[in-house]
Every structure is written in structure tokens, then in C-alpha cells.
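Visitor: In case it helps, Swiss-Prot gives these features for our protein:
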| type | residues | note |
| --- | --- | --- |
| SIGNAL | 1-23 | signal peptide |
| DISULFID | Cys47-Cys340 | disulfide bond |
| CARBOHYD | Asn67 | N-linked glycosylation site |
| CARBOHYD | Asn103 | N-linked glycosylation site |
| CARBOHYD | Asn111 | N-linked glycosylation site |
| CARBOHYD | Asn153 | N-linked glycosylation site |
| DISULFID | Cys211-Cys227 | disulfide bond |
| CARBOHYD | Asn357 | N-linked glycosylation site |
| DISULFID | Cys365-Cys376 | disulfide bond |
| DISULFID | Cys370-Cys427 | disulfide bond |
| CARBOHYD | Asn401 | N-linked glycosylation site |
| DOMAIN | 427-438 | domain 'EGF-like' |
| DISULFID | Cys429-Cys438 | disulfide bond |
Amino acid sequence: MYHLWIKCLAAWIFLKRCNGVHAMPAKAPMYPNEPFIVLWNAPTTQCPLRYKVDLDLKTFHIVANPNDSLSGSVVTIFYPNHLGVYPHIDERGHFFHGIIPQNESLTKHLNKSKSDINRMIPLKTFHGLGVIDWENWRPQWDRNWGSKNVYRNRSIQFAKELHPELSEDKIKRLAKKEYEKAAKSFMRDTLLLAEEMRPNGYWGYYLYPDCQNYDYKTKGDQYTGKCPDIEMSRNDQLLWLWRDSTALFPNVYLEIILRSSDNALKFVHHRLKESMRIASMAREDYALPVFVYARPFYAYTFEPLTQEDLVTTVGETAAMGAAGIVFWGSMQYASTVDSCQKVKTYMNGPLGRYIVNVTTAAKICSHALCRKNGRCVRKHSDSNAFLHLFPESFRIMVHANATEKKAIVKGKLELKDLIYLRKNFMCQCYQGWKGLYCEEYSIKDIRKI
């Protein structure tokens, strides 16, 4: 009965969005008057400090941690060894903390997590992204396939040792029940602790939600990009996780096999569509902010995204109504002076200019359509409308002097531009505002803020 209720709720929200009506307002943006932001989550500290290569992140409207560090006041990412005593098996086959969640003390984990949060985020007024990256196992038994099947096998073995008198069938049922109960407690209580300690942060788990639409390698031209129905149903069953999250962190990493292809857009679009669906069903008062993880280079390579794929990732993310995009990167970006220079060249070329284009266009649309009280979202999510600066009306220039380098947008919105925006985009008002153009105070929402 509970699962049926969740499905009905999800279907209702989906229909509301399809009809061009947002079921609920959005949370106010992370920074005032910035409806769509781009954040940097790559360990590139060595570029400016060691190699004296400034990546010019600030120049091109990218928000980064102080010294371009991986974790800090803007984004802090918690890997398995950074937060509590996370039970798991790593990629090398090493065992940690009882391997499975039902074989480790939750109290011990939370006590350690508390000290880890204080260590990694000393500022109690932290207002950044708190991203927990736990990918070794999934909280749902049926999603632990492939290499993750070891957690099911270990759980069965654990249950058998505790209850040798039970039949195989009962052992498996018990193992599943105890595993999912413990996994839920670990994830939920960790999240609630983090939110209690740093209540102004945006907390959630990396790669949640996922939609498992990775079959582009086998489907070829038959690939649709759609999330399998079973995976959407499983996401519905994680309502407890969405309700306790204060942000969602899906990813849209592109492998090089997808370079400049129709399949790349299908892959990204449906992952975003599922994330926005989950964001709308998580709470009653506002849709969760969605910060989408992407890479400026193709996954597992050091090859920059093409202009087309920048549109596919950054452009699609903004048009679908996400709060921002987070560029993640590896140590390779800052491994040598040449690596740093390669990132800088890309930043000063297609990447930086496109980021300025989209972030500025999102801001202009928010001003023109939503009176700065909401963000622009496609009227029809499957359309090909993008939040881009109109080339006949705007131009991007980069000015530099002895102290700073800045990308500046010059121009003004023409009537034909405004007509295009009104035809293709609608406003998702921030909490406290309502109306077609977010022109009215919403007393009900203001009381909730």
C-alpha cells in the first residue's frame, strides 16, 4: 500500500510538470540573484601555488573553494575514509569496518562522523555543498548487482552464522531485511547528523538519484536514454532518503564513446529529467535544489568536451531547471605545469566563455520573466530550447588589467528575445513568491521560510 501511494504521488507530480505547472516553488538560490551557478570541485591547488598557473576560474563566473582545493567552504566532499566508519570493500578488495552495515556499530560511526564533520567543516555557518560519496554499496538489496553482489553474499553469510537453524529461503529473506534496515540507518542518520551540525549546508549523497541508463554501449542507434521503469520505481521507494536530503547530486559524466552524439543528449536529458522528478516529490514545501556533477573532460580521459557536448551538459542542465552544475576533476588536472596550462587554455577558450554565456542568460531570463524571484525552466522539458545569450543582442568580452581579469557581457534584451523566452520558458518561483511571473508574495510560503 505504501509503495502504491508513492507511485500515485510521483505520477501526479509528473503530470503537473508536463502540463507546465510546477507543483511547488524552488528553494532560494545558493547565492542571491544567481539562478544557475557553476562550481569547481577539482583538486587544482597545485596549479596556482606550485606551478604559478592561475586557472582563471573567477574570471569566468566559476565558484571555487579557497585555493582551488577539493574541499572547503563552497564544496566539501566526503569519501568513504573521510566520514565515520563506513563499512565496505574497496576496489582493491580490502575490508573496512565489518564490510556490511549490519556488522558495524552505528553509534560508533556517528561519533566518528561528528568529529570528522567538525574537522573538515570547522565553520558552523557553512553554506556550501556537503556531498557524501558512498558508492561501494547501495541501500536497496536489488540494486547490489555485479561487483556489489558481494554485499548480498556477505549478508546471507552473516545471517546464517547468527541463525543456523533457519532454512535457506528464510535466511535470504532475513539477510535482505537486516541489510536494508542497517543500510537505511547508516545513510539516514549520517545525513541527519550532518544537517543538525551544519544546518545551512546543502546535504545529500553523490549519484543519488541514478537512473541506470548506461546501455548506450550496447543499444547504439536504438538507445533512447530513458530510465528503466524498474529503476524509477526503485527511486520512488527511496522517498525516505529524498525527504532527509537538502540537495540532490546526480551526475552526467560523458564517456568518449558519446562524443558529439545524439545519444549523449539522450543520456543527459533523461538523467536530469529523473532528478527533477525526484526533487519535486521529496518535500511538501519546495523542490530540492539539484546540483549536477559533470566533468569538463570526457570520463577517464584528459580530452576536453566539444562545444556540442558543453551544450549537452551545461546547457541542458540549466534549461531543465537545476540550481547548478559542479565540475569534478582528478589529480591529473594539476599533476604538471602542462596539465595546469591545458586546463587554463580550455577555460580561456570554449569552456569559460560558454559558462559565462549560460550563467548570464539564466540571470537575464530570471530578471526578464520572473522579476528575479524565480528561475527559468523549459515549458516543455523535451524541447530543444536553451538559455543562451542571443548573439545579435549580446557579446562576451574579457578585460584584464594589472590586478584582475574579468569576463564582461555587453548588450540588452530585445523584444524578439523576450518573446522567445516567454514562448519557451516558464518561471519556477522561489519560496515566498507566486504567480505566472513570480510577481506576488506568497504569505503561506513566507511563513515556512
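Any Cβ shown, glycine's included, is placed from N, Cα and C.
Could you place the listed features in the three-dimensional structure?
Guide: Sequence-distant contacts of Cys47 (disulfide bond), defined as residues of its own chain at least six apart whose C-beta falls under 8 angstroms from its C-beta, comprise Val53, Asp54, Leu55, Asp68, Tyr333, Ala334, Cys340, Val343, Lys344.
Listed in sequence order, the residues of the same chain lying 6 or more apart from Asn67 (N-linked glycosylation site) and placing their CB within less than 8 Å of its CB are Thr45, Pro48, Leu49.
In this structure, Asn103 (N-linked glycosylation site) is part of a helix by DSSP. The C-beta environment of Asn103 (N-linked glycosylation site), restricted to residues of the same chain at least 6 apart in sequence and closer than 8 Å, consists of Pro87, Arg154, Phe158.
Long-range Cβ contacts of Asn111 (N-linked glycosylation site) within its own chain (separation 6+, distance under 8 Å) are none.
In three-state terms derived from DSSP, Asn153 (N-linked glycosylation site) belongs to a helical segment.
A sphere of 10 angstroms centred on the C-beta of Cys211 (disulfide bond) encloses 23 other C-beta atoms.
Neighbour count (other Cβ atoms within 10 Å of the Cβ, all protein chains): 26 for Asn357 (N-linked glycosylation site).
Secondary structure at Cys365 (disulfide bond), taken from DSSP and collapsed to helix, strand or coil, is helix.
Around the Cβ of Cys427 (disulfide bond), 25 further Cβ atoms fall within 10 Å across all displayed protein chains.
Reduced to three states, the DSSP call for Asn401 (N-linked glycosylation site) is coil. Non-local neighbourhood of Asn401 (N-linked glycosylation site): empty, since no residue in the same chain at least six residues away has a C-beta under 8 Å from its C-beta.
DSSP assigns Cys438 (disulfide bond) to coil, not to a helix or a strand. Cβ contacts within 10 Å of Cys438 (disulfide bond), excluding its own Cβ and spanning all protein chains shown: 23.
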Visitor: Averaged over the domain 'EGF-like' (427-438), what pLDDT does the prediction give?
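Guide: Mean pLDDT for the domain 'EGF-like' (427-438): 96.
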Visitor: For the C-alpha pair, I'd like the distance in angstrom between Asn357 (N-linked glycosylation site) and Cys370 (disulfide bond), rounded off.
Guide: 19
Visitor: How many whole Å apart are the CA atoms of Cys429 (disulfide bond) and Cys376 (disulfide bond)?
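Guide: The Cα atom of Cys429 (disulfide bond) is 9 Å away from the Cα atom of Cys376 (disulfide bond).
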Visitor: If we check Cα distances from Cys376 (disulfide bond), which of the recorded positions Asn153, Cys227, Cys427 wins as closest?
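Guide: In terms of Cα distance, Cys376 (disulfide bond) lies closest to Cys427.
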Visitor: Among the disulfide-bonded residues listed here (Cys227, Cys370, Cys429), identify the one with the smallest other-Cβ count within 10 Å.
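Guide: Relative to the other disulfide-bonded residues in Cys227, Cys370, Cys429, Cys227 has the fewest Cβ atoms within 10 Å.
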Visitor: I'd like to confirm something. Which of the disulfide-bonded residues, Cys370, Cys427, Cys438, has a Cα closest to the Cα of Cys227 (disulfide bond)?
Guide: Cys427
Visitor: How many other Cβ atoms are found within 10 Å of the Cβ atom of Cys340 (disulfide bond), counting all protein chains shown?
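Guide: Cys340 (disulfide bond) is surrounded by 22 other Cβ atoms within 10 Å.
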